[in-house]
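Visitor: Pasting a structure below so you can have a look.
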Amino acid sequence: MSRYDSRTGDSTSYRDRRSDSGFGGTSSYGSSGSHTSSKKDNDGNESPRKLDLDGLTPFEKNFYVESPAVAAMTDTEVEEYRKLREITVEGKDIPKPVKSFRDVGFPDYVLEEVKKAGFTEPTPIQSQGWPMAMKGRDLIGIAETGSGKTLSYLLPAIVHVNAQPMLAHGDGPIVLVLAPTRELAVQIQQEASKFGSSSKIKTTCIYGGVPKGPQVRDLQKGVEIVIATPGRLIDMMESNNTNLRRVTYLVLDEADRMLDMGFDPQIRKIVSHIRPDRQTLYWSATWPKEVEQLSKKFLYNPYKVIIGSSDLKANRAIRQIVDVISESQKYNKLVKLLEDIMDGSRILVFLDTKKGCDQITRQLRMDGWPALSIHGDKSQAERDWVLSEFRSGKSPIMTATDVAARGLDVKDVKYVINYDFPGSLEDYVHRIGRTGRAGAKGTAYTFFTVANARFAKELTNILQEAGQKVSPELASMGRSTAPPPPGLGGFRDRGSRRGWS
């Protein structure tokens, strides 16, 4: 039996759709019944995952029913809508985007949670990603942090869970979300708990840096959705505190960052324990070669959706100010800047190293500024406290490294200051994207030195494309310096022309 009354109120309504089941249906393993695999579907995917389904119980994963409003959209209207919202799609049998939450076909209890959250319309990634995910197909989503991607996979995950048999004693989760950092995992779990509460879906968050006891108890009680960092999840599996035999919906969030942080072996080990006909959703902000290669191992005939241009661009709502200064001028420049802008608003200051974060924070505090730092050497309790102080405004200045800040969803950051210029232009765009979210205005200040000169030309292009002023010093530096070679600090490919065709 299914867990819940579906849209029709019939608890078995989804169970009749055998052609869309994960096992025992068509060879497309969850694609719509009209789709047939072809060589073109597998271009660039020389070894799609091998399916040994002996002894595996069938499961449902295609729940999408196109609404009349969506069905009525002409091809021209679909093309115009995608162009307006900067949606690029690849794959076979691609569903049309949805313009409203009701068009997705979510059950009423999900729609109630969406309404309570105050959302008015789907974001671009939700508009196209929801019907793709609800069809049960594998999905590659390339979208920035803050784009609404978390709900793009969580709401279909809730529908997926409620269509499966109830957990039995000793069962592991049905949905597994892998995330690179503790902070991101906690944020995902908070959203999963909020939107899954009305259907009594149990969730837990598994990450290192804290005692295992409470996490072990959650797993042993049985939870439908687990959000985890790779290392701690493997610990739990090896100590027999959980298993992945029931996982039929797998999410890899921020896959590019997980690979950057060296999690490739752990990810491969985890996925090897999950049934091969699962549905896999693979999310990344960028599309470098190593991310593409991993996707080919884990995904079969996926949809692909890219939000935004194939080149990273800065948000036009963000005012960008780049000052060319010397290294020795940085701290005095920072203090002068804080004196000018400090109004109680949240200010996020980026530095390259943990040591630099601590040094600048210590100096600021000695000078009377309410600053705290966050980086990977701090305990989980310290990190939680720093974030709480920053979010509440008690300490409105926070210094951070890129890794520590990645995935943090702190609302109302008014200013970003790049004390140290990052190691790539992609990271520059990520950093300044911490402000100017959800239609708000923001300002990003950047200290740029001669040591950063190799980025001057491409940085100038970013500023000009976003309609920003370029200082004569930066423009001059850009004209006299060659840009970094590919793979050494420039933009990474965002995947619009490679891989799945």
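Count begins at 1; order follows the chain as displayed.
Quick reminder: no glycine exception, Cβ is built from N, Cα and C everywhere.
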Visitor: From the ranges 70-98, 99-127, 215-243, grab the one Swiss-Prot calls motif 'Q motif'.
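Guide: From Swiss-Prot, the annotated motif 'Q motif' range turns out to be 99-127.
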Visitor: To which of the residue ranges 253-256, 313-316, 389-392, 457-460 does Swiss-Prot assign the term motif 'DEAD box'?
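Guide: Among 253-256, 313-316, 389-392, 457-460, the range Swiss-Prot annotates as motif 'DEAD box' is 253-256.
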Visitor: Just jot down the residues in the same chain as Ala143 (ATP binding site), at least 6 apart in sequence, with C-beta under 8 A of its C-beta; none if empty.
Guide: Pro124, Ile125, Lys149, Ser152, Trp283, Ala285, Val305, Ile306, Ile307, Gly308
Visitor: Suppose we draw a 10 Å sphere around the Cβ of Glu144 (ATP binding site). How many other Cβ atoms does it contain, all chains included?
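Guide: Excluding its own Cβ, the number within 10 Å is 18.
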Visitor: Near Lys149 (ATP binding site), how many other Cβ atoms are within 10 Å of its Cβ?
Guide: 26
Visitor: Long-range same-chain neighbours of Ser147 (ATP binding site), Cβ under 8 Å, sequence gap at least 6?
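Guide: Within the chain, Ser147 (ATP binding site) has Cβ neighbours under 8 Å at Thr123, Pro124, Ile125, Ile307.
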Visitor: Can you count the other CB atoms that lie within 10 A of the CB of Thr150 (ATP binding site)?
Guide: 26
Visitor: Under DSSP, the motif 'Q motif' (99-127) has how many residues in helix, strand and coil?
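Guide: The counts are 16 helix, 0 strand, 13 coil.
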Visitor: Using DSSP, how many residues in the motif 'DEAD box' (253-256) fall into helix, strand and coil?
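Guide: Taking each residue of the motif 'DEAD box' (253-256) in turn, the totals are 2 helix, 0 strand, 2 coil.
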